[in-house]
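Novice: Below you will find the structure I want to go over with you.
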Amino acid sequence: MSKASSFVREYKLVMVGGGGVGKSALTIQFIQSHFVDEYDPTIEDSYRKQCVIDSETALLDVLDTAGQEEYSAMREQYMRNGEGFLLVYSITSRLSFEEITTFYQQICRVKDRDYFPMVLVGNKCDLEGDRQVSSQEGRDLAKNFGCQFIETSAKQRINVDEAFFEVVRDIRRYNKEQETRGHDQFGIQDAPDVASDKCCILM
């Protein structure tokens, strides 16, 4: 087997969002195909999974972080190392939706740039009767961030794989555009704006 065919690219993904929004449930459903019903606040858990995304094998290193404010400093360290982010809120909690902007701004500050590969995730879409955040609000916020939007249900495994796959696709797009910028030595033609060609996806 050649080196090219045996090489598997690793992607460092970070789950970010308030407490109780289902970050751990999404991660465990993706990694283990199992729904965790009880809520046990996470400090830090790391998971790895190899999968094929768009005909290319990828090793996903997923870091599930604490949503509580007291772990903010620890979370910043994870943000520095992360390549792509899932910004998760619960559609049944307006507070968790409003907190997302704070998490987004924290990543921007830590990364020292306005854009990074990410997907905005509205979780618990199976609880439609308890919805406090409309799908349109999610789409609008994602448009403001310049990222994709998807609604998921860890319990019913709706769009779970797609949420993680979209972050990997975004990392690939971002890296390719960075390479294009690097090769554009004379500044004659800029690489396309990362945020300009994003579209929102919804189940």
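Including glycine, each Cβ sits where the backbone N, Cα and C put it.
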Novice: Can you identify, from 30-38, 39-47, 48-56, 138-146, the stretch that Swiss-Prot calls motif 'Effector region'?
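Specialist: So the range that Swiss-Prot calls motif 'Effector region' is 39-47.
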Novice: Where does G17 (GTP binding site) sit in DSSP terms: helix, strand, or coil?
Specialist: strand
Novice: Among G17, G20, K23, T65, C125, all listed as binding-site residues, which has the most CB atoms within 10 Å of its CB?
Specialist: K23
